[in-house]
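Everything on this sheet refers to the single structure shown next.
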Amino acid sequence: MNKLFVGITLLITVVVLIACQSKSNAVHQGMEAAIGTVEALDSNGVGKIIKTEEEWKKVLSSEQYRILREKGTERAFTGKYWDNKAKGIYSCAACQLPLFDAETKFKSGTGWPSFYQPIGTPNVTEHKDNSYGMVRTEVTCGRCDGHLGHVFDDGPAPTGLRYCINSESLSFKSKGK
């Protein structure tokens with residue numbers, strides 16, 4: 001009787017595990033189809049998108065690819081959002097993760113869109129950048145790791161920060177008029 005109970009319990013456990021794994025795979029495949037390859041949730045709960053460089057080249061313009069994937073910088077005063085005054089949300093041009101609210105945008109005089117704070121800390125990640133003989137803090141998208149720009153400590157209140165972002169790294173959705 002005891003062996004029969006253990007056998008049935010083991011069989012039920014295996015069936016449940018297989019059923020749960022199948023459902024998990026279906027959800028994962030649906031997410032991949034919607035936004036690209038999702039590796040896993042990071043420690044902040046943001047789903048990471050991993051694509052090959054060839055996949056990125058197919059979905060980004062050449063200038064977006066140069067900036068987002070190769071850590072380039074657009075020339076000052078040339079981007080489409082540096083002087084945008086509309087209210088709305090700025091998202092990552094590569095994966096559409098919301099990054100900045102226009103309410104936090106300010107005129108910095110630098111020629112790039114500047115914000116004093118991101119929508120959420122998991123959405124914008126910071127990394128030490130020692131390129132070009134300078135010590136700076138690079139900011140990247142929390143989902144796809146696309147290069148956005150840099151953050152400096154010369155911004156306005158309330159944070160004292162200036163997130164200096166390339167327009168090509170952003171898409172913009174205006175709030176209802």
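Just so it is clear, glycine is given a Cβ too, placed from its N, Cα and C backbone atoms.
What TrEMBL says about a protein is an automatic prediction, not a curated fact.
As written in TrEMBL, here are the features:
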- C164: active site, nucleophile (ACT_SITE)
- C92, C95, C141, C144: Zn(2+) binding site (BINDING)
- 53-175: domain 'MsrB' (DOMAIN)
When each of the binding-site residues C95, C141 is scored by other CB atoms within 10 A, the minimum falls on C95
Taking DSSP H, G, I as helix and E, B as strand, the domain 'MsrB' (53-175) contains 23 helix, 40 strand, 60 coil
Same-chain residues at least 6 positions away from C92 (Zn(2+) binding site) with a Cβ under 8 Å from its Cβ, in sequence order, are L99, C141, R143, C144, G146, L148, S169, L170, S171
Students should find that the Cβ of C164 (active site, nucleophile) has, within 10 Å, a number of other Cβ atoms equal to 23
In all the protein chains shown, the tally of other Cβ atoms within 10 Å of the Cβ of C144 (Zn(2+) binding site) is 23
Other than C92, C95, C141, C144, the chain contributes near Zn(2+) (Cβ within 8 Å of their centroid) the residues I49, L68, A93, A94, Q96, L97, G142, R143, D145, G146
